[in-house]
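Now, the feature entries from TrEMBL:
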| type | residues | note |
| --- | --- | --- |
| REGION | 1-25 | region 'Disordered' |
| COMPBIAS | 7-16 | compositional bias 'Gly residues' |
| DOMAIN | 42-108 | domain 'TSEN34 N-terminal' |
| REGION | 151-211 | region 'Disordered' |
| COMPBIAS | 164-173 | compositional bias 'Basic and acidic residues' |
| COMPBIAS | 178-189 | compositional bias 'Acidic residues' |
| COMPBIAS | 190-200 | compositional bias 'Basic and acidic residues' |
| DOMAIN | 248-329 | domain 'tRNA intron endonuclease catalytic' |
| ACT_SITE | Tyr277 | active site |
| ACT_SITE | His285 | active site |
| ACT_SITE | Lys316 | active site |
Amino acid sequence: MGRAPAVGGGGVGEKGAGPPRLPLGRAGLREQSALRAAMLVVEVSGGRALVWGAEAARELRERLGLCGRAAGAPAREPRQNARRGLPLLLLPEEARLLADLGAAALVSANPHPHVSPQAVAAYLQAQEESFREQQALALAERRSRLQGLAQKIAQGRARKRQRRQESVDRSEPAAEMMEAEEEEEEGEAEAGRPEGEPSADHPPTPPLPRTAMLLQLPTARPRPRLAPLLDWRVPSPDWPHAGRPSHELRYRVYRDLWQRGYFLTAGGKFGGDFLVYPGDPLRFHAHFVALCWQPEEPLPLRDLVSAGRLGTNVRKTVLLCSARPDGSVSRPFVPAKR
């Protein structure tokens, strides 16, 4: 393995307790067979690989050191973006690595065009039942709230009567004010009536609109029976990365660093291709920023200086990584994690 110049500040950081990586020789056949026995399903659509199961996401992180990125909203907090939840969005290199190891099957996430009418009818019926239950609960809650305010309304009316009795001046403006207060009391009395009970002057309150109803966000779904398998070696609308030189280079670099026990995530925020961690990103800061460079492309001095300044500003070592014709990766010496 050749060396390339390391650009940027800092050196090789402390060793983390990363999970053991699977060797690619004969010694790793048993481990790879165990992974194939517990094969995961990765749904792919438009080049985006998604993992929907919580147990699958945990296994990927703990056993294989593949972190991904949470791309969904938690079921109980759907209207915020500070905390993310399932599904887990994998890098194209992570999805290909899983398929290459035989640890996961890439399937198309597009639904099958032939949907059962019975399934659609059952879904619509369940949705209608949910709407009716929510209407009943909202009506009961409003009645309970109005009953709790009935005592305060009665006390307010009593205080107003007492003020009128204590008033001595019965001038015409005062009489008009009293009439307005009496009309207000009648309105409050009607408001204290439980919702849904009609009165002589007011019709029953209409039910809540459908736009105010809550929609259920499923956290799991059955595996599709007719989902077509995808071949990561062949480009398709769902997997357009196959055969692209940039993807091939990034995958070689990713796999080389992954085999040495490092954790890798997307490095776009730091101006690189990958962020390289000595252990789990939840416990460690990234020590390296990996930049992938095509071997046939020249490396101008301006780009080299820019990479050095990048590493200095973010306080990380920049790895200039490239691929040799024999498939190996040329990069600065990085020790394997033990």
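For all residues, glycine too, the Cβ spot is worked out from N, Cα and C.
Across the range of the domain 'TSEN34 N-terminal' (42-108), the DSSP-based residue counts are 21 helix, 23 strand, 23 coil. Reported as a whole number, the C-alpha separation between Tyr277 (active site) and His285 (active site) equals 6 Å.
Minimal Cβ crowding within 10 Å, among the active-site residues His285, Lys316, is found at His285. In this structure, the CA atom of Lys316 (active site) is 10 Å away from the CA atom of His285 (active site). If you draw a 10 Å sphere around the CB of Tyr277 (active site), it holds 23 other CB atoms from the protein chains shown.
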